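**Student:** Annotation source Swiss-Prot lists active site, proton donor/acceptor at D147, citing sequence analysis. What Swiss-Prot lists as Mg(2+) binding site is N9, E384. Positions annotated as ATP binding site by Swiss-Prot: K16, H207, I208, G209, N210, G211, D282, L283, R284, G330, V331, G332, E333, N334. Under the heading substrate binding site, Swiss-Prot lists R90. Here Swiss-Prot flags H179, R240 as site 'Transition state stabilizer'.
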Amino acid sequence: MSSLVLAINAGSSSLKFQLIRMPEETLVTKGLIERIGIKDSIFTIEVNGEKIKDVKDIKDHEEAINIMLDSFKQHGIIDDINDIAGTGHRVVHGGELFPTSALVTDKVEEQIESLSELAPLHNPANLMGIRAFRKLLPNIPHVAVFDTSFHQSMPEQSYLYSLPYQYYKDYGIRKYGFHGTSHKYVSQRAAEIMNKPIEELRIISCHIGNGASIAAIDGGESIDTSMGFTPLAGVTMGTRSGNIDPALIPFIMQKTGQNAEEVLNVLNKESGLLGISGTSSDLRDLESDAEEGKERAQLALDVFASRIHKYIGSYATRMHGVDVIVFTAGVGENSSTVRAKVLEGLEFMGIYWDPKKNETIRGEEGFINYPHSPVKVIVIPTNEEVMIARDTVKFGEL
């Protein structure tokens, strides 16, 4: 039997939503509420392919949800709020408490709150959304879907840092990894496209957007990933540095007079592609600048690709080979230039990619390898919302 599931991503002043019909996985409507609690809030909803925008003051998440539900009825999307069978909520950090998604109870709410020190910008906002929905729709299941859960299958040798073991025991200092919902979705989809059991596949998933992470997925389980204790670690990103020598932090403090928080802000918001190029964090800008002969833009692209190269080589070694490489997220799905730079020189690994196919695929699903290539290369648009809806059906027992 069909049911309507809401996939929710609540920020501190925003609420993204998708209404999905399950198990068909068809999108009914989607939208975004911005500037919640700020003057001139913006409510946007897509109805029959047309975007409808309304500007009005929305004081909090509860009011935002009520406006969203009223809009569903007003546009004939639902007849009654009881048509909604369940809600699924993106939660950034589940720590070690949540190796899977979870049906939200008062105890689960408390546990999400207890993990807020691991994701101070996100978990409190995600929780605000959950609480508002539980209050307004008390008779349906609400499910929390964690960005970190998929990576909880990593073995100790992958997630432990070479620090005093007591730091892990006392403070939970370890690699958690992020983008898990995306990596899980594209790995499952890759197995479907290849018509092979996921248990037989070694997949390297490259989620490349403004934030980027690489994951080694062996038999459907994450065994390693590039992001760490926070999403700052790993490859070069739009404004994030990725991995650096930790001794640089006190050195930069000494040289610039900045405190630790200020240096951390530089690493998060002024580094990466923006830091190297000096002009932009957007790969599209850097690609056109590089074509015009701007050396720093080209350098930023080269550094970016080389860091991803390292992880592909490393993860192929960890899994004793690789069967498929997946590109996903904004850049991975749309930039043939970045894909080409990442794949260049990997023929020795059995990766033979077709430049023509690579050029033609943009924002759609498809193979970009030659038919004879032992390792397949697939572009797969990610769909975290469908993954959230699937887990809402599963854990909400719909």
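Just so you know, glycine gets a Cβ as well, placed from its N, Cα and C.
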**Student:** Among residues K16, H207, I208, G209, N210, G211, D282, L283, R284, G330, V331, G332, E333, N334 annotated as binding ATP, what is the maximum Cα-Cα distance? Answer in Å.
**Tutor:** 25
**Student:** Taking just the CA atoms, what is the gap between I208 (ATP binding site) and R240 (site 'Transition state stabilizer') in Å?
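**Tutor:** Cα-Cα, rounded: 13 Å.
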**Student:** Around the residue listed as 'substrate binding site', which of the listed recorded positions (H179, N210, D282, R284, E333, E384) come within 10 Å, judging by Cα atoms?
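**Tutor:** The recorded positions passing the 10 Å Cα test are E384.
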**Student:** Name the one residue among N9, D147, H179, R240, E384 whose Cα is closest in three-dimensional space to that of D282 (ATP binding site); these are the recorded positions.
**Tutor:** R240
**Student:** Provide the number of Cβ atoms within 10 Å of the Cβ of D147 (active site, proton donor/acceptor), excluding the reference atom itself.
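**Tutor:** Step by step: centre on the Cβ of D147 (active site, proton donor/acceptor), count other Cβ atoms within 10 Å, giving 25.
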**Student:** Can you see whether DSSP assigns R240 (site 'Transition state stabilizer') to helix, strand or coil?
**Tutor:** coil
**Student:** Determine the most Cβ-crowded residue among the binding-site residues N9, N210, using a 10 Å radius around each Cβ and all protein chains in the structure.
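**Tutor:** Result for the most crowded candidate: N9.
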**Student:** Give me the Cα-Cα distance between K16 (ATP binding site) and E384 (Mg(2+) binding site), rounded to a whole Å.
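**Tutor:** Approximately 12 Å lies between the Cα of K16 (ATP binding site) and that of E384 (Mg(2+) binding site).
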**Student:** Based on Cβ atoms within 10 Å, give me the single least packed residue among the recorded positions R90, H179, R284.
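**Tutor:** Each of the recorded positions R90, H179, R284 was scored; lowest Cβ tally within 10 Å is R284.
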**Student:** Express the distance between the Cα positions of the residue listed as 'active site, proton donor/acceptor' and N210 (ATP binding site) as a whole number of Å.
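**Tutor:** Per the Cα atoms, the residue listed as 'active site, proton donor/acceptor' and N210 (ATP binding site) stand 16 Å apart.
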**Student:** Listing them in sequence order, which of the recorded positions N9, H179, E384 have their Cα within 10 Å of that of N210 (ATP binding site)?
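**Tutor:** Within 10 Å Cα-Cα: none.
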**Student:** Among the binding-site residues listed here (N9, R284, V331, E333, E384), which has the Cα closest to the Cα of H179 (site 'Transition state stabilizer')?
**Tutor:** E384
**Student:** Please list residues from the chain of V331 (ATP binding site) whose Cβ is under 8 angstroms from its Cβ, counting only those at least six apart in sequence.
**Tutor:** I208, G209, A212, L283, V338
**Student:** Helix, strand or coil at E384 (Mg(2+) binding site), per DSSP?
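**Tutor:** In three-state terms, E384 (Mg(2+) binding site) counts as helix.
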